Amino acid sequence: LRPPIPVPQTLTFLLPSSHSYRGLTLVLTFLSYTSYHLSRKPISIVKSQLHPNCSALGPNPHNDSNSSTWCSWAPFDGDNYKELFGALDNAFLVAYAIGMFISGIFGERLPLRYYLSGGMVLSGFFTSLFGLGYFWDIHVLWYFIVVQVCNGLVQTTGWPAVVACVGNWFGKGKRGLIMGIWNSHTSVGNILGSLIAGAWVSSAWGLSFVVPGIIITIVGIICFFFLVEYPEDVDCSPPLHHVITTSEKDPEAVIPNEGPLSLSSQSSVDHSNSPKEPTEEPEAISFLGALRIPGVVEFSLCLLFAKLVSYTFLYWLPLYIVNVAHFGAKEAGDLSTLFDVGGILGGIFAGLISDYTGGRATTCCVMLVVAAPMLFLYNHVGQNGIGTSIAMLIICGALVNGPYALITTAVSADLGTHESLKGNAKALSTVTAIIDGTGSVGAALGPLLAGLISPTGWNNVFYMLIAADVLACLLLARVVVKEARGWCGYMARKRGYVVT
């Protein structure tokens with residue numbers, strides 16, 4: 001029997017209804033992942049301070065022979081500083097990608113509240129350690145590399161845990177829309193991280209890391225005391241994750257479950273009327289077992305290419321705007337945020353449409369198909385005027401980040417509670433980690449490939465992004481076909497035909 005996780009008694013009086021607990025879960029997980037991204041952002045802000053233009057600051061007050069880099073922070077004061085900054089980025093991204101495949105396995109076997117809170121405290125610790133290098137006057141590269149690797153590993157505790165918590169509380173009914181809105185925590189965290197890091201970057205850049213480290217630690221402690229993992233822990237009925245139909249005899253079948261095309265009129269399990277009896281705790285799913293869930297491999301590989309495109313824009317878009325549109329660095333940075341604004345809108349739109357149609361894969365595929373020509377147009381006409389640039393950035397951000405947001409949220413939760421698991425919800429963290437871990441490989445490859453290709457021309461970089469979009473779409477073809485068969489079967493039954 002699964003022992004109940006202790007929940008503060010005060011919550012029983014303050015939050016008597018399941019709706020209030022769901023709201024609390026959304027708020028706490030939103031704040032949690034906002035703080036994760038808030039603590040990741042400072043490195044991109046502080047880079048300009050680690051190797052600034054010293055000649056703009058006046059004469060060298062130390063009268064050193066090397067007057068061009070007297071204000072830089074060793075070891076980033078050499079001509080190879082770009083390579084060293086790239087090493088810092090890759091140290092985090094590669095560690096994150098590798099750790100994500102392991103993180104979900106631990107997440108299924110440890111209490112999510114402990115796992116998430118512990119990861120946040122450790123993330124705060126390693127984020128602060130990077131900033132303390134300023135106060136401790138550390139100038140060796142290996143210190144910053146090791147801190148980045150450790151931070152990348154412990155940051156993998158966040159995404160599988162928060163998606164699992166939300167998936168435990170919300171069924172498929174409005175999961176796409178709810179998670180589409182909820183997924184804006186990524187952009188909110190990036191914005192807050194930029195503002196907080198920017199407040200101290202010129203005076204004492206170490207505080208740009210220490211303050212976010214303290215914030216994520218405080219949020220982690222709050223989650224430890226108030227986050228409720230499962231509805232059963234507070235005597236609430238669990239959500240209905242899927243509809244039981246005759247198609248369950250074929251676990252490979254992928255059919256729409258919600259919206260006007262849903263099969264919700266057929267027989268289903270009523271959790272609210274069934275007596276709550278203690279049941280044997282199901283075993284956590286294995287890594288290979290999670291891979292065998294229909295759709296996990298397809299969506300994981302699709303996310304690899306979708307995230308490759310998204311993270312290439314994240315790291316290279318400001319430089320592209322500077323080189324092509326000839327804006328200043330600050331104006332280019334401000335303009336690039338519109339891509340994130342489009343991403344928020346795209347995530348909400350993708351969730352809403354996928355809820356209405358019941359076709360997660362089809363929604364992703366359509367957006368990816370449209371994204372390819374829009375990327376081509378942005379590269380050729382997107383810099384013809386400020387109005388055109390704004391419109392194209394928002395549209396491209398919506399089409400690129402919409403499928404990315406849908407796969408990492410609603411799709412991960414759907415597959416982690418797939419009908420083939422027969423009610424075993426102990427796969428949420430593992431499935432989420434596999435999908436996001438595979439996507440993180442693309443996140444590391446995209447900026448690296450862009451750096452290698454950009455010297456040959458920006459057109460080639462965009463051709464690479466378009467090719468990645470097309471591959472992401474093709475990888476979902478099998479799931480899209482199954483969704484189409486489900487729709488056809490539903491329409492046939494609706495018209496009175498017998499489907500065999």
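Any Cβ shown, glycine's included, is placed from N, Cα and C.
What TrEMBL says about a protein is an automatic prediction, not a curated fact.
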I'm validating the feature mapping. Which of 319-336, 337-354 is tagged transmembrane segment in TrEMBL?
337-354
I'd like to know the mean pLDDT over the domain 'Major facilitator superfamily (MFS) profile' (25-485).
80
At a Cβ cut-off of 8 Å, and with pairs 6 or more apart in sequence only, do we get at least 3 pairs between the transmembrane segment (296-317) and the transmembrane segment (361-378), yes or no?
yes
